[in-house]
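Trainee: Take this structure first; my questions come after.
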Amino acid sequence: MGLLRGGLPCARAMARLGAVRSHYCALLLAAALAVCAFYYLGSGRETFSSATKRLKEARAGAPAAPSPPALELARGSVAPAPGAKAKSLEGGGAGPVDYHLLMMFTKAEHNAALQAKARVALRSLLRLAKFEAHEVLNLHFVSEEASREVAKGLLRELLPPAAGFKCKVIFHDVAVLTDKLFPIVEAMQKHFSAGLGTYYSDSIFFLSVAMHQIMPKEILQIIQLDLDLKFKTNIRELFEEFDSFLPGAIIGIAREMQPVYRHTFWQFRHENPQTRVGGPPPEGLPGFNSGVMLLNLEAMRQSPLYSRLLEPAQVQQLADKYHFRGHLGDQDFFTMIGMEHPKLFHVLDCTWNRQLCTWWRDHGYSDVFEAYFRCEGHVKIYHGNCNTPIPED
């Protein structure tokens with residue numbers, strides 16, 4: 001979709017209102033108003049605070065105060081997605097059903113490679129997405145101001161003109177979220193960060209760990225995605241995985257497909273030769289990859305076990321037990337607690353996060369690499385981790 005050039009078409013349409021009588025012209029007027037609404041909404045900025053206030057007012061039944069609008073596109077109805085279930089996230093009756101996706105999009109203004117990855121991810125996601133008429137796809141971006149403008153440009157370029165579903169975009173300021181996260185994740189950063197000043201040392205890369213405390217309570221479920229992805233199926237189908245969570249499960253995540261954690265847990269494995277920790281599937285526990293994560297925020301909020309695992313003393317105890325020192329942020333934390341409490345996790349099929357990186361095959365683990373890397377079935381999401389090219393269509 002190209003950029004809209006101004007409000008002149010809207011003004012002309014409104015000027016003709018008094019003269020238009022026929023049903024045909026009324027339809028033209030409605031179309032013009034829709035264009036005007038999209039231009040107005042596309043130029044707005046909604047902050048995390050204003051979104052929270054609006055959600056709380058809506059749930060309380062009070063009329064929501066005017067807030068800076070989010071980029072929003074309504075394209076009419078669409079045939080029901082296969083296997084789709086109409087579920088109100090508010091617990092009420094029929095009405096709009098929101099589906100939430102979140103992506104990190106920071107330091108993108110002068111990063112052509114990152115913009116190219118985002119273009120591939122968003123183009124494939126939006127091209128294949130199908131939602132019912134009453135469903136809304138909410139795209140959350142965590143970014144600073146410069147990257148926010150880049151994201152807006154990409155979305156105006158990539159939102160298909162005949163999408164057939166409603167799409168809303170919400171931007172969260174990375175600095176604001178970092179301030180909220182730091183007190184929660186400070187203690188774990190030393191165990192799961194590459195070092196001061198490096199990519200994963202920033203608190204924001206532990207967002208998924210504390211998302212349940214950061215997002216408005218009205219958001220019950222959210223899917224967090226990396227940008228180096230390419231979608232091969234309707235993203236609506238991934239939300240159905242929430243229905244397969246067993247009691248006690250709070251996060252859906254795929255296995256790591258390289259012997260990353262065979263390496264990280266080397267000392268624990270040496271001391272415990274019969275352990276499953278770090279071993280390849282299906283018998284082993286290879287750890288997790290955070291490129292695609294389903295976060296049941298309400299279950300995370302209600303889990304006493306998960307709350308305890310966030311305590312600094314608990315993190316230290318497990319890190320000492322497993323001699324754990326990682327550099328992959330939230331992925332390391334989930335992997336470590338998953339060794340101790342696997343029932344917290346719903347394991348996604350590898351086809352939902354088909355990782356392509358083969359770095360560890362060439363760095364000491366060629367003899368066991370295929371046992372980790374093997375993935376059978378039709379790929380639904382490709383993950384071009386460590387800058388690995390993704391197959392063309």
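Quick reminder: no glycine exception, Cβ is built from N, Cα and C everywhere.
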Trainee: With C350 as one half of a disulfide in Swiss-Prot, pick the other half from C375, C386.
Mentor: C375
Trainee: According to Swiss-Prot, which of these ranges is region 'Interaction with target proteins': 3-6, 123-126, 263-266, 299-302?
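Mentor: Going through 3-6, 123-126, 263-266, 299-302 one by one, Swiss-Prot flags 263-266 as region 'Interaction with target proteins'.
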Trainee: Out of L177, L220, L227, L229, which does Swiss-Prot tie to the same UDP-alpha-D-xylose site as M104, F105, T106, S290, L328, Q331?
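Mentor: Within the candidate list, Swiss-Prot flags L227.
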Trainee: Which residue in the list C167, C357 does Swiss-Prot annotate as forming a disulfide bond with C386?
Mentor: C357
Trainee: Helix, strand or coil at M104 (UDP-alpha-D-xylose binding site), per DSSP?
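Mentor: Assignment for M104 (UDP-alpha-D-xylose binding site) reads strand.
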Trainee: For H383 (Mn(2+) binding site), which of the three DSSP-derived states applies: helix, strand, or coil?
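Mentor: Its secondary structure by DSSP: strand.
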Trainee: Neighbour count, 10 Å Cβ-Cβ cut-off, for N385 (glycoprotein binding site): what number do you get?
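Mentor: For N385 (glycoprotein binding site), the 10 Å Cβ neighbour count is 20.
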Trainee: Using only C-alpha positions, which one of C350, W360, C375, C386 is spatially nearest L227 (UDP-alpha-D-xylose binding site)? These are the recorded positions in the record.
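Mentor: Out of the listed candidates, the nearest Cα belongs to C386.
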Trainee: Between D228 (Mn(2+) binding site) and S290 (UDP-alpha-D-xylose binding site), find the distance joining the two CA atoms and give it rounded to the nearest Å.
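Mentor: If we compare the Cα positions of D228 (Mn(2+) binding site) and S290 (UDP-alpha-D-xylose binding site), the gap is 12 Å.
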Trainee: Please indicate, using numbers and ranges, the residues of the same chain that are 6 or more beyond the region 'Interaction with target proteins' (263-266) and have a C-beta under 8 Å from a C-beta there.
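Mentor: Distant contacts of the region 'Interaction with target proteins' (263-266): 277-278, 287, 322-326, 332, 360, 364-365.
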Trainee: Pop the Cα-Cα gap between H383 (Mn(2+) binding site) and F105 (UDP-alpha-D-xylose binding site) into the table, whole Å please.
Mentor: 16
